[in-house]
Amino acid sequence: MTFRNCVAVDLGASSGRVMLARYERECRSLTLREIHRFNNGLHSQNGYVTWDVDSLESAIRLGLNKVCEEGIRIDSIGIDTWGVDFVLLDQQGQRVGLPVAYRDSRTNGLMAQAQQQLGKRDIYQRSGIQFLPFNTLYQLRALTEQQPELIPHIAHALLMPDYFSYRLTGKMNWEYTNATTTQLVNINSDDWDESLLAWSGANKAWFGRPTHPGNVIGHWICPQGNEIPVVAVASHDTASAVIASPLNGSRAAYLSSGTWSLMGFESQTPFTNDTALAANITNEGGAEGRYRVLKNIMGLWLLQRVLQEQQINDLPALISATQALPACRFIINPNDDRFINPETMCSEIQAACRETAQPIPESDAELARCIFDSLALLYADVLHELAQLRGEDFSQLHIVGGGCQNTLLNQLCADACGIRVIAGPVEASTLGNIGIQLMTLDELNNVDDFRQVVSTTANLTTFTPNPDSEIAHYVAQIHSTRQTKELCA
């Protein structure tokens with residue numbers, strides 16, 4: 001038997017993991033083993049909301065060292081993270097300023113300013129990226145306006161996965177899929193857009209030309225002295241998750257479900273017409289030149305905050321209690337920007353219901369029911385928008401990522417959307433990360449080849465829509481007339 005051992009470092013907004021993948025060439029089987037899992041979260045520092053990148057780096061190194069201590073020879077390493085955030089470095093590679101998180105309020109008002117000064121359509125035609133108030137475009141503008149004293153010291157700006165790869169290898173890289181989330185990459189040239197960079201106040205010299213997934217950035221020297229290639233995978237975690245989505249045919253849509261919910265489809269061409277602009281559709285970069293035509297949905301962030309505020313540790317028990325409640329008594333729009341980072345999520349949800357003359361969710365189960373029903377209804381809205389955009393309905397929806405373990409939400413999604421839902425794999429970002437590594441090692445031909453491996457090895461569960469469910473009746477009778485507010489558009 002011929003084996004490959006690849007390590008995926010997968011960092012999310014709430015947690016991170018170092019995973020070891022073992023690929024057997026002859027039987028084309030792939031197994032994952034968790035080596036190290038650790039928490040991630042927002043911190044308050046000098047008036048900013050920040051990430052603790054030093055702690056994350058220590059956790060990454062701890063996980064890698066654990067693999068080496070087992071005597072396993074690693075063939076390659078890949079790192080994926082969330083998008084838009086960055087770390088600034090000086091000429092010596094030392095950090096400049098703080099690693100500010102996208103949920104910080106420093107960008108307030110800057111998106112509207114950009115649209116007024118540059119033109120909303122022009123920005124969209126250049127980047128193809130949706131308007132979100134925390135995009136890197138506005139973060140850099142906030143930096144240059146609010147902290148001009150830092151500018152003379154900045155030599156490089158690295159997005160999060162590129163920063164951690166740099167810390168392992170000493171080599172800098174700007175990976176394409178994550179770079180597109182910045183709203184600074186020109187959709188026609190796949191390079192940084194000079195007009196958008198100029199408005200942001202950033203110097204183009206801070207960035208290198210984006211590279212597509214599959215190149216070796218450099219090498220990490222393990223404690224035993226071996227040089228291990230660090231591969232530029234599809235380093236935006238959603239891009240990796242889509243690679244591992246076992247999409248079958250052109251009528252399959254995906255939903256990457258986690259802190260954020262990203263719903264979309266793959267396309268060989270971007271959608272940047274007026275319909276796409278009005279719907280705030282994004283065209284993020286994917287592997288092999290494909291576009292991830294998708295829409296951001298606030299996702300399980302709302303639930304994560306409720307769990308934290310209410311100190312709930314038993315999620316299965318909460319879901320069980322939630323399932324016993326009637327559907328659609330409390331409906332909010334999860335994409336309202338009031339939910340980006342409120343002081344207390346529970347109070348914000350209750351206020352939204354009060355302002356719309358609905359019953360007020362009081363118990364933990366009622367709050368969760370409100371979130372699940374509202375997400376499922378928004379999923380139905382977005383799926384309909386995407387189908388209209390491309391002029392063809394979808395036949396099935398693949399839900400991947402940690403959120404696909406929520407069987408109640410999966411069934412609500414199937415019922416609200418009226419479509420077959422296939423849930424899994426859970427560790428989609430990790431698997432997609434591994435997939436690019438295996439292609440770089442010449443073990444697999446392309447993304448479609450890798451998806452065949454995923455389809456035969458992953459644990460997938462099908463949810464069939466129930467047209468007689470409460471939420472299906474709600475969609476048919478009431479929800480179809482509802483207008484949903486765009487997320488920060």
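One is the number of the first residue shown, and numbering goes on along the chain from there.
Glycine residues also receive a Cβ, built from the backbone N, Cα and C atoms like all the rest.
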Candidate from ASN173, ASN186, ASN296 that Swiss-Prot assigns to the same substrate site as GLY83, HIS236, ASP237, THR238: ASN296
Per Swiss-Prot, cysteine bonded by disulfide to CYS68 (from CYS6, CYS222, CYS328): CYS222
Per Swiss-Prot, member of THR259, THR344, THR356, THR456 binding ATP alongside ALA13, SER14, SER15, GLY16, ARG17, GLN304, GLY402: THR259
Non-site residues, in chain order, whose CB comes within 8 A of the mean position of the CB atoms of GLY83, HIS236, ASP237, THR238, ASN296 at substrate: TRP82, ASN178, THR181, ALA239, SER256, TRP260, LEU262, GLU284
Nearest of the binding-site residues (ALA13, GLY16, THR259) to CYS222 (disulfide bond), judged by Cα-Cα distance: GLY16
Three-class DSSP secondary structure - ALA13 (ATP binding site): coil
Among CYS222, CYS353, CYS417 [disulfide-bonded residues], residue with fewest other Cβ within 10 Å: CYS222
Span of the ATP site, taken as the largest CA to CA distance across ALA13, SER14, SER15, GLY16, ARG17, THR259, GLN304, GLY402 (Å, rounded to a whole number): 18
Maximal Cα-Cα distance (Å) across residues annotated as binding substrate, namely GLY83, HIS236, ASP237, THR238, ASN296: 14
Rounded inter-Cα distance in Å - CYS370 (disulfide bond), GLN304 (ATP binding site): 14
